[in-house]
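Asker: So TrEMBL lists the following for this protein:
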{"type": "DOMAIN", "residues": "61-256", "note": "domain 'Reelin'"}
{"type": "DOMAIN", "residues": "293-408", "note": "domain 'DOMON'"}
{"type": "DOMAIN", "residues": "412-610", "note": "domain 'Cytochrome b561'"}
{"type": "REGION", "residues": "1-22", "note": "region 'Disordered'"}
{"type": "TRANSMEM", "residues": "49-71", "note": "transmembrane segment"}
{"type": "TRANSMEM", "residues": "116-138", "note": "transmembrane segment"}
{"type": "TRANSMEM", "residues": "452-472", "note": "transmembrane segment"}
{"type": "TRANSMEM", "residues": "492-511", "note": "transmembrane segment"}
{"type": "TRANSMEM", "residues": "523-542", "note": "transmembrane segment"}
{"type": "TRANSMEM", "residues": "563-582", "note": "transmembrane segment"}
{"type": "TRANSMEM", "residues": "588-607", "note": "transmembrane segment"}
{"type": "TRANSMEM", "residues": "647-665", "note": "transmembrane segment"}
Amino acid sequence: MVESLPADAGDTDSNPGLGGSRVLRSGWAREPQLLSLRVWSLYSATREMAVPGFTLGAFILLLLVSSVANYPNGKVTKSCRGMIPKHGQTPQSDPACHISVSQMTFRPGDQIKGTVLFFWGDVAKLLTYLFVCFSVTLSGPPFKGFLLEARDAENLSGPPIGSFTLIDSQVSQLLTCEDIQFSSILFQGSAVSHTSPSKKTEIKVYWNAPSSAPNHIKFLATVVEKYKIYWVKIPGPIISQPNVLPFTTPKATTAPMPTLPPVSHLTKSFNASDCGNKKFCIRSPLNCDPEKELACVFLSFTRDAKSVMVEMSGPSKGYLSFAFSHDRWMGDDDAYVCILEDQTVHIQPSHLTGRSHPVMDSRDPLEDMSWRLADGVMQCSFRRNITLPGVENRFDLNASYYIFLADGAADDGQIHKHSQQPLITYEKYNVTGYPENIGGSHSLLLLKVHGALMFVAWMTTVSVGVLIARFFKPVWSKALFGDAAWFQVHRMLMLTTSALTFIAFLLPFIYRGGWNWHAGYHPYLGCIVMILAVLQLLLAAFRPPLHDPRRQMFNWTHWSMGTAARIIAVAAMFLGMDLPGLTLPGPWKTYAMIGFVAWHVGTEIVLEVHTYRLSRKVEILDDDRIQILQSFTAAEAEGYAFKKTVLAIYVCGNLTFLTMFLSAINHL
C-alpha cells in the first residue's frame with residue numbers, strides 16, 4: 001500500500017516585478033533579520049511499491065529557513081541555470097548542507113526518495129537511518145533560502161534533469177526554469193525552492209526520472225544563510241542507472257570562488273575645491289563642502305582618459321547610493337551603493353528593476369575602491385571605465401542622464417527602502433562632459449506646488465475666512481459692492497480656498513499619471529476634503545434668505561461641513577509631510593503644525609470669551625435711554641477695537657507658520 005501524493009502545487013511563473021515600497025534585491029533575500037540556524041534530521045518512513053519497473057523512494061530536503069527576502073516567495077527562476085544568488089558576494093567554501101538519497105540506482109520513470117540533512121561543523125553529529133523508525137535532532141543557525149535541482153553528473157553546467165513532485169506545497173514549491181523548454185508537462189517543475197519566510201523544519205519532495213534520463217544524476221543545492229553568506233551548488237550523491245559503468249567523480253564539484261577587487265581606506269575627507277573646474281559635482285545643500293560640513297551630501301566625477309573617478313560622501317548610518325537614469329522614475333537604472341556593515345563599507349554596483357531595491361551585480365567593473373567612516377559621515381570612491389562594452393546593466397557615461405542620490409538604513413549588509421525621496425538633478429547631465437557644479441531636489445516641482453497650495457489654502461485663507469464669518473459680522477457690517485463687507489471678504493477667501501484646493505488636488509494625479517497606492521491615507525483624506533469643498537460651494541450658492549425657515553438648517557449644515565473639512569485637511573497635512581515625495585525635515589514640522597493648530601484654536605477661544613463678556617457688559621444699567629445708548633456704543637467700540645487687534649496678531653502668527661512650511665518646501 002502506498003501513500004497518495006499531494007497534487008502538484010508548483011508555480012512556474014517567472015519573477016514578478018515589484019513596485020513602491022517593495023524591497024527587492026536578487027531573488028534570494030529580502031527583509032533582514034538576525035538568524036540562528038537549527039536543523040533537525042527527521043525519520044522518514046518509506047515503502048516500496050510492488051509494481052514492476054517502478055520503485056518508490058523519497059527525496060527529503062531538510063532546511064530551517066527563518067527569513068527569505070528579495071523574492072520571499074522563492075520564485076528564483078532567473079537563477080536556475082547558474083544557481084548563484086545575485087548578491088555580489090563570495091560564496092562560502094565549506095558546505096553546511098548535506099544531501100542523501102534512499103538508494104543509489106534508478107530507472108527512467110522512477111521516483112527517488114531521499115534526504116537533505118544539515119550539519120554544523122563538529123558541533124553536531126549526523127545520524128540518519130533510512131527505512132527505520134528512528135529520528136535524530138540537529139541544531140544550529142538557520143538559512144534564508146534554497147534552490148534544489150538534479151543535473152547530469154557528467155554535465156553539471158547543463159539544464160536540470162527530470163522534475164519534482166511536492167509533498168507539502170505550503171513550505172516548498174516547484175519552479176520551471178525559464179531557459180529550459182520541455183515537450184511534456186511531466187518535465188515541468190525542474191527545481192524546488194522555498195515559498196515563504198516562515199520557519200521550516202522539514203521539506204519533502206519526490207524526484208521523477210525522465211524517460212530519457214542520462215546514466216548518472218547528481219543533486220545540487222544552493223543555500224543562503226543570510227545575504228552575504230551562502231553556498232552554491234552544494235554537491236549531493238550521484239545515483240546511476242543499473243548496469244552502467246561506474247561514474248568517475250570530477251575534480252571540482254563546487255562553483256569557483258570569485259576574487260573580489262581590493263579595497264583600501266581613504267586617509268582624508270573629500271573636498272570641493274575642484275568642483276566646476278576639474279570635477280563634475282552634485283551637492284546638497286548647493287555649494288556645501290564635505291570637508292567642512294558634516295551634513296553635506298556630495299557626489300563628484302573626475303574624468304581621466306578612458307575612466308571616471310567617482311567620490312560620494314554624506315551622513316548615513318546604513319548606505320549611500322547614486323544612480324544614472326533615463327527619466328525621473330526608478331527602474332532600469334545603473335546604480336552604485338556603498339553599504340555599511342560591521343564598521344566596513346562595501347562598494348557594490350547594482351541595477352534597479354522598477355520601484356524596487358537594487359539587484360547587486362559583480363564588482364568586476366570597479367577599480368581603486370576606497371572608503372572612510374568618520375563622525376557619522378560615510379565616504380566611498382571608485383573608478384570605472386566610461387564605456388563597458390559587454391557588461392550588462394552598466395551605462396555608457398558619454399551620454400546624459402538624470403542622477404539620483406539616496407541614503408537609508410542597512411542591516412546585516414542588506415539595505416532598506418530610503419525614507420526620503422532621492423535627491424534628483426533638475427535635468428539630464430553628462431558627467432564626463434564639461435565640469436559643472438549643480439544641485440538637485442528631493443521633491444519634484446509639481447509636488448512642491450501641491451504642498452504649497454494646500455498649506456496656503458488650509459492654513460491661511462480658510463482660517464482667516466472662518467474667523468471673519470464667526471466674529472466680525474458686526475465689525476464690518478457696512479455694505480461693500482452690494483453686500484456686507486465681512487461677507488464679501490469671507491466669500492473671497494473661501495472661493496480662493498476652493499480654487500487652490502482644486503488646483504493642488506489635480507497636481508499629484510498629473511505627476512503620477514493616476515492614483516498613488518503607496519501614499520497611505522493621505523490621498524483618501526485629500527479626496528474627502530475636495531468633495532467637502534465642492535459641496536460647500538454648492539450649498540452656499542443655494543443659501544436661503546435671511547428670514548427663511550430653512551436658514552437655520554443651512555447655517556448648521558454649512559458650519560458642520562466646513563469644520564469637518566478643516567479637521568480632515570489638517571490630518572491630511574500631517575500625513576503628507578512624511579510622504580517620500582514631499583518629506584519635510586523633522587521633527588520641527590510636527591511641532592510647527594501642532595503650534596499652528598494651537599494658535600488657531602487659542603484665537604477662537606479668546607474671541608469667544610470676549611464676545612461673551614461683551615454681551616454681558618452691554619446691558620441696561622438704568623432707565624435712562626441716553627445712558628443706555630452711550631454705554632452700548634462705548635462697549636461696542638471697545639469690543640471692535642479688541643477684535644481687530646486680535647485678528648491682526650492672529651494673521652501675523654498664521655503667516656509665520658505658513659512661511660516656515662513654504663520655506664521648508666522650497667529647500668527640498
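Backbone N, Cα and C define each Cβ position, glycine as well.
For each feature listed, report its degree of burial, its nearest neighbours and the pertinent distances within the displayed model.
Answerer: The domain 'DOMON' (293-408): residue composition by secondary structure is 0 helix, 68 strand, 48 coil, according to DSSP.
For the transmembrane segment (452-472), the list of distant contacts is 486-487, 489-490, 493-494, 496-497, 500-501, 503-504, 507, 529, 562, 565-566, 569-570, 572-573, 576, 596, 600, 603-604, 607, 611, 643, 647, 650-651, 654-655, 657-658, 661-662, 665: same-chain residues at least six beyond its ends, Cβ to Cβ under 8 Å.
With a cut-off of 8 Å between Cβ atoms, the residues of this chain six or more beyond the transmembrane segment (523-542) that come close are 458, 491, 494-495, 497-498, 501-502, 505, 508, 515-516, 554, 557-558, 561-562, 564-565, 568-569, 571-572, 575-576.
Sequence-remote contacts of a segment are chain residues at least 6 beyond its ends whose Cβ falls under 8 Å from one of its Cβ atoms, and for the transmembrane segment (647-665) they are 443, 448, 451-452, 455-456, 459-460, 463-464, 467-468, 472, 582, 584-585, 589, 592, 595-596, 599-600, 603.
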Asker: So what's the mean pLDDT when you look at the domain 'Reelin' (61-256)?
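Answerer: PLDDT averaged over the stretch: 68.
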